[in-house]
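First comes the structure, then the notes that go with it.
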Amino acid sequence: EMEQGNYTIVTEFILLGLSETHEVQMILFFLFLIFYMIILPGNILIVLTILGDSQLESPMYFFLANLAFLDICYCCVTPPKMLADFLLHNKTISYSACMVQLFFLHFLGAAEAFLLMAMAYDRYAAICKSLHYSRLMNRRVCCALVGASWGGGFIHGIIVFTLTIHLPFCGPNILDNFFCDIHQLVKVACADTSMVELLMFLSNGVIIIMCFALLLISYTVLLMKLQTQSSKGKSKVVSNCVSHIIVVFVMCGPAMYIYGLPFQVVPMEKVVAVFHTVIFPLTNPIIYTLRNREIKSSMWRLVRKHILSSRK
């Protein structure tokens with residue numbers, strides 16, 4: 001902390017982390033490390049497989065590659081700091097690093113929500129506008145939808161960052177979590193934060209609830225539409241839609257639990273935050289992959305190709 005006039009300005013925050021017990025921290029460190037050593041390369045393999053296989057050039061795979069890349073980026077925001085803090089006695093984060101972490105957390109999280117909506121539109125065009133699908137979902141449209149997802153996420157991140165950067169912090173500087181999020185920062189701000197809380201709720205809670213409702217309605221309509229179509233290829237389309245619905249619940253469920261109520265005390269917030277920021281993002285592309293034969297066979301071809309080339 002440093003003095004400025006009559007106020008003490010916070011220059012760093014203390015993170016309480018997931019546990020104060022050293023033994024529990026070591027167990028969690030190795031569990032999360034093993035998880036990352038298995039799942040993170042799997043997501044990278046998904047991106048490389050889709051980019052390297054000419055048979056996977058449809059919009060669905062293009063969006064999946066972007067989702068995997070987005071989740072890889074998202075999981076570089078909080079987990080590295082969390083893993084490092086498991087090994088440190090003093091878990092501190094500078095003010096500037098805290099603001100950067102906050103920005104990228106909301107930027108990438110919102111971008112993923114918008115990308116899921118783009119993927120829902122792709123499934124709508126494939127099922128309800130199948131005769132015009134190639135025209136509706138050409139490469140330019142797909143790139144525009146992905147760009148709009150990243151752009152919308154960036155705007156959301158800037159809004160959250162701007163609202164937070166103007167909050168005064170004069171102590172205490174203890175955040176009861178393993179990363180910097182707006183809930184904890186508002187609690188330690190030295191000002192009336194009622195207006196900021198309302199704006200944050202409108203920016204976070206309303207957006208995630210609206211995205212969840214629109215996605216759920218759209219996939220429900222698509223599944224009902226499939227019931228009226230012929231059985232040829234229907235099982236594959238249903239499987240893809242079910243994968244999308246699972247990811248929607250996996251992503252939006254914890255987010256609504258944390259941000260759905262305007263800054264009220266959330267029971268088990270740390271546990272839900274772990275799944276929301278660490279576990280679920282990396283498992284989203286895996287859910288699609290496990291239910292898709294084309295990607296699995298292409299991945300095995302890519303792996304066998306590199307294994308054979310390394311033996312020569």
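Note that the numbers count up from 1, one per residue, in the order the chain is shown.
Even glycines carry a Cβ here, placed using N, Cα and C.
Here is what TrEMBL says about this protein:
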{"type": "DOMAIN", "residues": "42-288", "note": "domain 'G-protein coupled receptors family 1 profile'"}
{"type": "TRANSMEM", "residues": "26-48", "note": "transmembrane segment"}
{"type": "TRANSMEM", "residues": "60-80", "note": "transmembrane segment"}
{"type": "TRANSMEM", "residues": "100-121", "note": "transmembrane segment"}
{"type": "TRANSMEM", "residues": "142-169", "note": "transmembrane segment"}
{"type": "TRANSMEM", "residues": "201-225", "note": "transmembrane segment"}
{"type": "TRANSMEM", "residues": "237-259", "note": "transmembrane segment"}
{"type": "TRANSMEM", "residues": "271-290", "note": "transmembrane segment"}
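Using the rule of three or more Cβ pairs under 8 Å, pairs at least 6 apart in sequence, the transmembrane segment (100-121) is not in contact with the transmembrane segment (26-48). Long-range contacts of the transmembrane segment (201-225) within the same chain, counting only residues at least 6 positions beyond its ends with a Cβ under 8 Å from a Cβ of the stretch, are 106, 110, 113-114, 116-117, 120, 123-124, 127-128, 156, 159-160, 163, 182, 238, 241, 244-245, 248, 252, 255-256, 259-263. Under 8 Å from some Cβ of the transmembrane segment (237-259) lie the Cβ atoms of residues 60, 109, 112-113, 116, 119-120, 123, 126-127, 183, 201, 204-205, 208-209, 211-212, 215-216, 219, 222-223, 226, 266, 269, 272-273, 275-276, 280-281, 283-284, 287-288, 291-292, all in the same chain and six or more residues away from its ends.
Confidence for the domain 'G-protein coupled receptors family 1 profile' (42-288), expressed as mean pLDDT, is 86.
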